[in-house]
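The block underneath contains the structure these notes are about, expressed in structure tokens.
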Amino acid sequence: MDLLLHARMSQDPSAGSYYNGHYVPTSAEKTAYQSTHEPWASSVKYGYYGLYFFAVTIFIAILFNVHFRILQRRSLAAGSTSQSLTLQDKFYAFFRLLAYPRIPISVNRFISPWYTAGNQGQTMLLAAGFLFTTLYCFADTYNYRPPFYGSSPLGLRSEWLAMAMLPFLIVFGHKINFIGTLIGSSHEKMQVLHQGVAGLHLYMSLVHTISMTIRSNRERGINYDFHHNYAYWTGFVALAPLIWLCCASLPIFRKAAYECFWILHLAAVGVYFGFLWLHCWKYLDGGYYMYATFAVFGWGVVLRVAYMFYVNLHVHVARVHVTSSGMLHLSIPTKLRWSPGQHVFLRFLSIRPFESHPFSITSIPSGNDQPSDMSFFIVPMKGFTSSLKEYCKRAGGRRDLFVLLDGPFGHTTPELRAFDNALLIAGGSGIAYILPIFQDLVRCNKGEVSAKTRCSKIELIWVVRSRAQYQKMEKYVSETINDIHDGGVSVSFFVTGKDAGSEGMESKSSSDDDLVNDMKEKSLSEALPANWHTGRPKLLDIIRERSQTWEGRVAVTTCGSESMISDVSNAVAGVQIDILRQRTTCKEMYLQTDAYDW
């Protein structure tokens with residue numbers, strides 16, 4: 001504080017008082033001081049800066065998505081694809097080079113228990129948010145006022161940045177996600193942003209709490225404020241469930257108790273919202289942020305409940321069958337329509353009715369308005385799927401169960417029809433996601449539906465541990481490709497288990513060149529239903545080889561383990577460099593991924 005002002009105040013005994021040697025100004029003196037030292041009321045501008053950051057980022061993402069959709073429509077309408085590399089192609093290759101890479105599995109295995117790392121694009125976006133909030137908080141070194149002259153400026157800056165994140169934090173977590181729809185991202189991929197923004201919100205909340213505690217201890221002490229200022233005790237009580245929410249949501253804890261996670265999660269959210277409202281509703285813009293958050297949260301809940309009610313107007317019965325390989329096959333007759341690659345949440349009323357779990361739809365709907373069978377193939381793990389399997393086995397391996405459907409959700413994949421070539425890679429039970437996409441592309445390729453398609457080359461690679469475990473799914477693949485003899489569709493199975501060589505399959509060399517050449521030289525028409533190989537496929541070599549032999553636009557879609565998604569993502573990112581250097585025959589390589597969980 002200005003020394004002359006302090007001296008003038010100390011000479012006037014009516015101006016204020018003293019506490020532990022510190023001058024306690026009057027309200028007028030405090031206002032006069034703050035008018036030239038970052039006024040309390042003007043601190044709300046930092047919340048506006050946070051809103052601008054979100055708004056601009058989302059707007060740019062919307063523009064990218066709109067442009068991509070326009071390109072897809074033009075591609076379907078065009079008679080042929082130009083082979084010359086345009087500036088637009090180079091821009092997309094550069095953008096994908098930045099966005100597609102993932103942390104190598106050798107590193108990610110240490111990170112994944114504590115953080116769900118998305119692709120490099122998502123990580124860069126969250127890093128930009130971290131940098132933005134950190135700079136706006138700490139670049140200005142005016143962090144604390146003299147004792148009794150008002151709140152910590154650092155605490156105020158972090159407070160409003162945290163509040164600005166809150167509505168977006170909620171909307172990013174919705175299953176029916178209007179922002180995700182606008183930017184072309186499904187709800188499970190928005191979960192990476194939901195969790196990342198939650199971490200930033202906690203970061204700013206901790207900065208706010210610590211700086212306000214330091215301010216309190218410089219004055220009358222935290223114990224005094226805790227008992228005489230409700231903003232302090234409500235703030236500390238609100239911080240407790242926020243810390244619990246972020247810590248309990250870490251993958252190592254969430255996956256260990258997934259069945260009860262959502263109930264506890266929602267309960268903690270309710271406690272957090274309640275005390276946060278008490279903490280800030282009457283201060284400046286605090287009430288407005290809370291109103292916006294409540295509105296977004298309420299709208300999401302109402303929309304979800306209304307959608308579930310609509311979906312379940314007709315009673316759905318799931319026919320559950322335990323196959324000879326131990327898998328679960330579910331079939332649900334329904335009038336619902338869905339797109340290849342989507343999933344639904346299933347809630348069984350006779351077994352754990354308070355839980356719902358997501359499963360990829362393995363079938364595609366009929367081409368008319370007649371009811372379709374919504375099929376699922378599930379590998380039982382611990383928890384709900386294990387209980388469902390045991391429940392069915394007690395009835396001889398088959399049961400008809402009432403089920404509530406929630407969905408469908410997730411990526412729709414008709415845009416893959418706009419590409420000239422499609423490479424589909426599945427790992428294990430990831431075939432449940434890949435198979436309907438494969439069926440849809442093949443059906444369009446055979447002219448069985450009226451939908452337009454440009455996709456003339458379709459290749460499916462399925463990596464399994466044992467052939468016997470997935471014989472039921474193998475039958476579906478074989479039926480899909482039965483009548484194709486033009487070489488445009490090929491299927492290759494790789495068996496990685498120790499018993500692979502004893503299952504009557506042809507032994508293959510494990511060298512890189514042999515694996516790639518085997519897949520290139522043996523077409524499906526030569527060995528129905530598919531080519532079988534032992535060992536793991538060299539995905540990097542396969543993807544690069546396709547980029548140098550396939551022409552036009554290539555789409556790569558994969559679903560599998562973290563290591564498979566990481567390998568495929570990094571391989572496709574590497575192809576972008578080759579495209580920029582004009583070392584490929586394809587002019588574009590697009591990637592779409594789906595993980596087992598999120």
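The first residue you see is number 1, and the count goes up from there.
Note: Cβ is positioned from N, Cα and C throughout, glycine not excepted.
The feature domain 'FAD-binding FR-type' is assigned by TrEMBL to 308-415. According to TrEMBL, the transmembrane segment annotation covers 46-66, 124-144, 160-180, 192-210, 230-253, 260-278, 290-310.
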Helix, strand and coil totals (DSSP H, G, I; E, B; other) for the domain 'FAD-binding FR-type' (308-415): 16 helix, 43 strand, 49 coil
Selection from 46-66, 160-180, 192-210, 260-278, the stretch that has most Cβ pairs under 8 A to the transmembrane segment (124-144): 192-210
Stretch among 46-66, 160-180, 192-210, 290-310 sharing the most Cβ pairs under 8 Å with the transmembrane segment (230-253): 192-210
Contact ranking winner - 160-180, 192-210, 260-278 against the transmembrane segment (290-310), Cβ under 8 Å: 160-180
Stretch-averaged pLDDT - the domain 'FAD-binding FR-type' (308-415): 86
Other parts of the chain folded back onto the transmembrane segment (192-210), taken as Cβ under 8 Å at six or more residues beyond its ends: 116-118, 122, 125-126, 129-130, 133, 137, 154-155, 158-159, 161-162, 165-166, 168-169, 172-173, 235-236, 239, 242-243, 245-246, 249, 598
Long-range Cβ neighbours of the transmembrane segment (160-180) (under 8 Å; 6 or more residues past either end): 43-51, 54, 58, 133, 136-137, 186-187, 189-191, 193-194, 197-198, 200-201, 204-205, 208, 280, 285-286, 289-290, 292-293, 296-297, 300, 303-304, 307, 345, 406-407, 409
Spatial neighbours of the transmembrane segment (260-278) far in sequence, C-beta under 8 Å, 6+ residues away: 230, 234, 237-238, 241-242, 244-245, 248-249, 254, 290, 293-294, 297, 354
Contact set, same chain, for the transmembrane segment (46-66): CB under 8 Å, 6 or more residues outside the stretch: 125, 128-129, 132-133, 136, 156-157, 160-161, 163-165, 168, 179, 182-185, 285, 289
